[in-house]
Amino acid sequence: MKFAYKFSNLLGAFYRHGNLCFSKDGNSVISPVGNRISVFDLKNNKSETLPVSTTKNISCLGISPDGNLAILIDEDGAAVLVSLVTRAVLHHHHFHSPVHSVSFSPDGKKFVITKENVALMYHAPGRNREFNAFALDKSYYGPFDETTCIDWTDDSKCFAVGSKDMTTWIFGAERWANLIYYSLGGHKDIIVGCFFEKDSLDMYTVSQEGTLCVWESDTELEGLRNGNKDDDDVEEIIGEDGETRGDVIKGSTDTPKQVEGIKNVRYSQRSKHYFNKAGDFNKLTAAAFHKKTHILVTGFASGAFHLHELPEFDLIHSLSISDQRISTIAMNPTGDWIGFGCSGLGQLLVWEWQSESYVFKQQGHFNNMNSLAYSPDGQYLVTGGDDGKVKVWNTNSGLCFVTFTEHSSSVTNVAFTSSGFVVVSASLDGTVRAFDLHRYRNFRTMTSPRPAQFSSLAVDSSGELVCAGSQDSFEIFLWSMQTGRLLEVLSGHEGPVSNLCFSPVQSVLASVSWDKTVRLWDMLDSWETKETLRLTSDGLAVTYRPDGQELAVASLDGEITFWNPQTGGQAGSIAGRHDLQMGRKETEKITAKQSAKGKSFTSLCYSADGESILAGGQSKFVCIYNIKEHVLMKKFEISCNLSLDAMEEFLDRRKMTEFGSLSLVDEGTGDGDGVELSLPGVKRGDMSSRRFKPEIRVSSLCFSPTGRSWAAASTEGLLIYSLDASLVFDPYDLDMDVTPASIRQQVKKKEWASAILLSFRLNEMPLIREVLEAVPYDQITVVCSSLPDVYVDKLLNFVASTLEKSNHLQFYLSWAQCLLTLHGQKLFMCLIFRSGAVLPTVQQLLKSIQRHSDDLSKLCDWNIYNIRYAAALSKQRGMKRTAGVRGSLKSLKMS
């Protein structure tokens, strides 16, 4: 078993907080998800989460005009410079206070960040090779309150900054004699957006109360004159070494001093427009403007958005897309697509306004994600959450393709049947529901005679029996999937049933309970208790090994015990409490070390080969143990986000006062909809809205049947960890003569079988691929027949993993066909006696073939339709030509 798993993707979370950005080509949208960023390819319908993260939740991000660089800034002002090409962190910087917005200049030479009441201009990184990638150029002062938004002119000569003091400030990016700073008023609430007109200094400003002001400048961009360095409003910052560190531009309400012979830039209000004329109170929360098409998009707290054409303020259309406030809006470079982010529900939507249709519409679980399960072929994942929804995800695209909302309470457990086309879910609403993935409907609803809250679920290997455990009546209910009838109620436990699991090879059900017992129920012998296993503490989780020959149980004392289900004897145990490494919550009065004594694993999962086991609980770590040696092999830190609770081992003493921790003081809501507690007497807003920190935990774990990845349902979302072949060097039967040079020499001699054996002994994936693709097509059968048995499953495993991403489809399918045809009987015997070694390979091969089959079938269907259309078109043109010839002949005869 190799433990070179690395973070691969984040599912179940599409948007949390911050601003959206589109890529340079406009085909992808970049969204902040907690302390990570995800890139959603709208053309190919795929998602990717970058392997970089910040210390806390991202509050704003900026993309360079060439699309190669991104600046991520978290809640505390810590910035990370990321290359979107290499997916690597290039530089760290700290602004020492929260940053509200960041924006690159259109020419890519500068970028501006706004924090508190100041705007800071930096030289954009990448232009000059220097140690400090963030070099401060100028500091701009003027607003009296916090700044909110930024916009640049098209030629990067000036930029505008909106503020909470209801003013908009225009600053020159260079030393202009006739425009150092200018202040615009006219609003009665916070400025949400300020936008320059295309190739002009004319402006539009939008405020929170729903007012749009149109400003006209008396000067064109070409009319800006260069200024002198001795301006009274400009001061230079001199460093300790005597070098110039930047300028400070101090704006004021007074008119700037006018240079002789040069007239200062002046603005006049051309018009003023209002949203929401009906009078209903609805805050304007986000705005975006596309300069080429003159389209203004505004989002509101009710979840509605409006499209207006400026400067006439003509309404194009309006639509309600959510029940929660729209937090951010972005438009792609062509102006066709509009991206919306709703932080309340975690929604990300992309709307094409011309066709009035959704390009992209995704939403994760807006409450905790409780459980997950892989489909038998590893292509799909199903999750259930506290929001009562069951979602099915495609592991290749990372997107949800169906959501079931029939449950009226929290979904506690989900499972796939052996066919892979039926999803079963248990809920606290007292129902167990079965969903059909062909027709996307709830075709079976199973209930108990008396109302019960189901906390656990299991489906047998045939898909015929469904079991659910109750947490209030301590009973296990057994139904038939075929008829939906209740077959039996299994009684015997004296505490809530915490987990259920069917044996993969026998009709035996294992149930674990808080009564410190594990019961094995025989489904073939009148559903009686076959064996009772005594635990030292309350049982929390139980799972079978893939071959059904071992049982693992997690208990409240932090131990994982292993049992032989045939004899009922204990085979070993692992004391894993110290491996959890709990953090200290802000509300706890005891240390993290003392708190960890009461914590334990709540989820277990065997690897596909049965040699190791995954364990997770109320901690930021997932542990993987070697079962044979009973030792910890590796710990995966699923999150480093300090915006979550229970992340740090020690509390910050600077926040501790005689009245308690300052972090427990509620300063009001974080999204702007709640009541500002600093203003007494204010009645407006949601009185129940408060800022809180969710606690980090892992609620469910599951290994993919292919063995190449595993998933964890956590507070962050659905985390996927995949096997990274590039980090694995695991030679097999290595010798001094086994070198890349000797392997290539065998290829030149056309000793194909020998070259393949040597490449597998060195076990370097690029080299194996090089040797395999050098084998002529007509020699594949000969090479496969001469392979030793020990290398057959290795080659099949390589073919199965390469087939998923390779373009040489027929070539690798021929390898798979020859291997299965010539060595099928031996592989079948291995499948029976040592399923852990071959079964994941076969499932990976099935997954790859099924994926290519789906893609090719769609392509072939599309081509058939195109060919039919072309044939019909040519036939129609031929008929027109024939009619034309006949008409001309007829006219000749008549003449």
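From the backbone N, Cα and C atoms, a Cβ is placed for every residue, glycine too.
What TrEMBL records for this protein:
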type	residues	note
DOMAIN	763-870	domain 'Small-subunit processome Utp12'
REPEAT	362-403	repeat 'WD'
REPEAT	404-445	repeat 'WD'
REPEAT	490-523	repeat 'WD'
REPEAT	541-573	repeat 'WD'
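Note on the repeat 'WD' (404-445): DSSP counts are 0 helix, 24 strand, 18 coil. Taking Cβ pairs closer than 8 Å, the repeat 'WD' (490-523) reaches residues 455-461, 465, 467-472, 474-478, 529-544, 546-548, 551, 553, 555, 563, 565, 568 in its own chain, all 6 or more past its ends.
If you look at the repeat 'WD' (362-403), the same-chain residues 6 or more away from its ends with a CB under 8 A from one of its CBs are 9, 11-14, 40, 45-49, 344-349, 409-416, 418-420, 423, 425, 427, 429, 433, 435, 437, 440, 699-700, 702-706, 708-709, 711, 713-715, 717-718, 720, 843-844, 846-847, 850-851.
For the repeat 'WD' (541-573), the DSSP counts in helix, strand and coil order read 0 helix, 18 strand, 15 coil.
Here the repeat 'WD' (541-573) has a mean pLDDT of 92 out of 100.
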